[in-house]
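Asker: I have a structure I would like to understand better, so I am pasting it below and will then ask my questions one at a time.
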Amino acid sequence: MTMSHLLTMSELSEVEISEILKDAEDFANGKESKTTEQTFVANLFFENSTRTRFSFEVAEKRLGLDVLNFSADASSVQKGETLYDTIRTLESIGTKAVVIRHEQDRYFDELKDQVNIPILNAGDGCGNHPTQCLLDLLTIKQEFGRFEGLQIAIVGDVRHSRVARSNAEALTKLGATIYFASPEEWKDEDNTFGTYKPLDELVPEVDVMMLLRVQHERHDHYETDIMKEYHEKHGLTVEREKRMKEGSIIMHPAPVNRDVEIASELVECERSRIFKQMENGVYVRMAVLKRALPNVLGGMKHELLV
């Protein structure tokens, strides 16, 4: 049986992306869908998360799913249990899908053909973040009604960003032109879906300014020299925002380091779609859960802790 995993954006065709975005738009416009029978899903987060974890949980509960919230610190993972055995255990007791965030790049490669329930990737190391990409696509589509011909700048810590990787690939597939702007030390030469240009050249040209969080936790050491000058050299300052072209928007996957990637007063400015992205995250995650569980139509309401 083919599993409806969601692991990377590269595995989704343009048609599949369009179908997910259409379902997400329907949910955004008030469509309701509930499971007809009790259906358990488990959220396995091995890295800290606020937006993605709670967004998935809200999406699950809106769909009437029973949510199993997994704590790695309080589980048999601490006793040496493998991720495969953890998923097989959840599968054996009746769980129908798992949402996983893990610090290991492509943790799912050794699992996807071995388990019998869908895996929804909520972020793998520096690798992929498909639901973040999909909510970004939804936000852009709501704004411009298209992807073809748009110019999009992805700015910041490109090397360590799974958001940059997923978005650059998907947006290129959909017809947008991608540019990167980054400190030299944080360029990702393996990401071939965009062209590097100086930030100040991109500011007046692009339709979307997509800022990336500086990922302190993924650096081998804290690049203090870069950080001292980051906002002035590589961040979206008030002065740069004034030079952005009419109708262009600001995006950021969050959490935001205010006055680092973006001036604090711009986080909720007229151009900003940062909190709109968060809102859209719920609708997109409802859509990918619907794809993973085609029988989603009604169900139970309470939460279980494991």
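Cβ coordinates come from backbone N, Cα and C, glycine included.
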Asker: To which of Arg88, Arg101, Arg159 does Swiss-Prot also attribute binding of carbamoyl phosphate at the site defined by Arg51, Thr52, His129, Gln132, Ala254, Pro255?
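Answerer: Only hit among Arg88, Arg101, Arg159 in Swiss-Prot's carbamoyl phosphate site, alongside Arg51, Thr52, His129, Gln132, Ala254, Pro255: Arg101.
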Asker: Whole-number Å only: compute the distance from the Cα of Arg101 (carbamoyl phosphate binding site) to the Cα of Arg162 (L-aspartate binding site).
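Answerer: So the Cα of Arg162 (L-aspartate binding site) lies 12 Å away from that of Arg101 (carbamoyl phosphate binding site).
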Asker: Quick one: of Arg101, His129, Arg213, which of the binding-site residues has the smallest count of other CB atoms within 10 A?
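Answerer: Candidates: the binding-site residues Arg101, His129, Arg213. Fewest Cβ atoms within 10 Å: Arg213.
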Asker: Cβ-Cβ under 8 Å from Pro255 (carbamoyl phosphate binding site), same chain, 6 or more residues apart: which ones?
Answerer: Thr50, Arg51, Arg213
Asker: Using a 10 Å cut-off, grab the number of neighbouring Cβ atoms around the Cβ of Arg51 (carbamoyl phosphate binding site), all chains included.
Answerer: 16
